Ligand SMILES: *Cc1c(COP(=O)(O)O)cnc(C)c1O
């Protein structure tokens with residue numbers, strides 16, 4: 001069998017991205033395979049946040065809305081994120097959470113398709129995506145329809161206003177063909193909304209090339225914006241003039257500081273803003289996105305595939321009792337591998353105790369994420385060899401590993 005330890009050392013030595021790990025503050029001895037859930041802390045973030053707090057807020061006070069251009073940060077972040085997802089700079093804005101952006105864009109899409117009420121998605125989609133549709137359903141505005149991944153195209157009909165899918169599935173890593181499904185939805189007269197939470201910064205995304213209408217995505221996963229970082233939203237330029245969203249807050253007004261009694265939408269994606277932008281969160285996100293932009297999507301994608309292919313082979317060789325549920329073809333999956341095991345929760349806890357951090361997704365999935373900016377091949381090999389040892393020693397059976405924490 002391949003000597004995976006030696007192979008990992010060889011791949012690390014040849015890795016053009018190896019130098020970027022130093023741009024993150026990761027403790028020695030931690031193999032962090034959960035950057036798909038919460039990205040690591042960029043080295044530059046603490047100082048930047050201290051500067052925003054002490055200088056821009058502490059000294060600049062309210063003047064910093066202008067002098068430090070706080071007011072322009074949502075748009076600035078949008079233009080920085082855009083090239084990572086194949087969008088124009090004026091088509092993306094950073095705001096709110098993914099959930100809130102879903103609400104705004106689902107409602108906007110429904111308003112653009114009068115006479116149609118169905119929002120089509122897949123069962124097992126990320127919970128918040130499905131719940132947000134239910135919220136609109138309870139308001140009498142939407143009707144939720146779910147169809148399995150392979151049946152989703154056939155479930156498109158004249159009632160469907162919006163096809164809403166998560167590009168890379170959070171649990172399995174399976175990736176939809178964005179261009180093909182977008183085209184199918186358009187043929188049926190429906191609009192399309194892609195959730196890029198597990199895509200942005202990890203896999204190739206070409207929203208413009210696919211003809212996508214709307215997208216949302218997450219700031220705290222592969223974009224390394226920090227816990228609860230602002231999310232982003234994309235609207236294709238051709239839809240800007242017709243875009244109407246129900247969270248018509250003052251920051252989405254054409255002239256917020258005119259203090260008019262009546263709402264008038266700001267141009268373009270600016271009208272997706274609702275309340276005052278979170279400047280600390282946006283400042284941290286800016287550092288994370290800037291790093292991704294500097295490394296470049298092409299290099300990130302290439303390394304992501306190498307990492308997951310290496311791990312898949314090593315797992316198959318050394319830990320065959322864990323069943324891989326992610327697609328075999330790296331071009332058909334996100335930057336993760338998911339494994340099914342009856343005791344996945346306990347295995348995950350035992351791994352974490354050994355400072356190999358992956359995560360668990362109910363009911364029985366162990367998920368290993370490969371954030372290519374800072375994960376090494378040695379990290380991946382450690383995950384595999386520690387798993388082998390945890391299984392052989394029976395260490396996973398320790399009672400404390402069966403106790404469930406609030407966040408899993
Ligand atoms: C992480 C994630 C979210 C997160 O939504 P928030 O409102 O930002 O908490 C939404 N959708 C998907 C698919 C995700 O992976």
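Numbering starts at 1 and runs along the chain as displayed.
Placement of Cβ uses the backbone N, Cα and C atoms for every residue, glycine included.
As annotated by TrEMBL, pyridoxal 5'-phosphate binding site applies to 99, 126, 127, 128, 129, 166, 195, 198, 220, 250, 276. Annotation source TrEMBL lists N6-(pyridoxal phosphate)lysine at 221.
Candidate binding-site residues: 99, 127, 195, 220, 276. Those with a Cβ under 6 Å from ligand 1, in sequence order, are 99, 195. Around the Cβ of the residue listed as 'N6-(pyridoxal phosphate)lysine', 28 further Cβ atoms fall within 10 Å across all displayed protein chains. Counting only residues at least six positions away in the same chain, the Cβ atoms of 251 sit under 8 Å from the Cβ of residue 276 (pyridoxal 5'-phosphate binding site).
Rounded to the nearest whole angstrom, the C-alpha distance between the residue listed as 'N6-(pyridoxal phosphate)lysine' and residue 99 (pyridoxal 5'-phosphate binding site) is 15. Maximum C-alpha to C-alpha distance over the listed pyridoxal 5'-phosphate-binding residues 99, 126, 127, 128, 129, 166, 195, 198, 220, 250, 276 is 31 Å.
A sphere of 10 angstroms centred on the C-beta of residue 127 (pyridoxal 5'-phosphate binding site) encloses 10 other C-beta atoms. For residue 99 (pyridoxal 5'-phosphate binding site), the same-chain residues lying six or more positions away in sequence with a CB closer than 8 A to its CB are 128, 131, 132.
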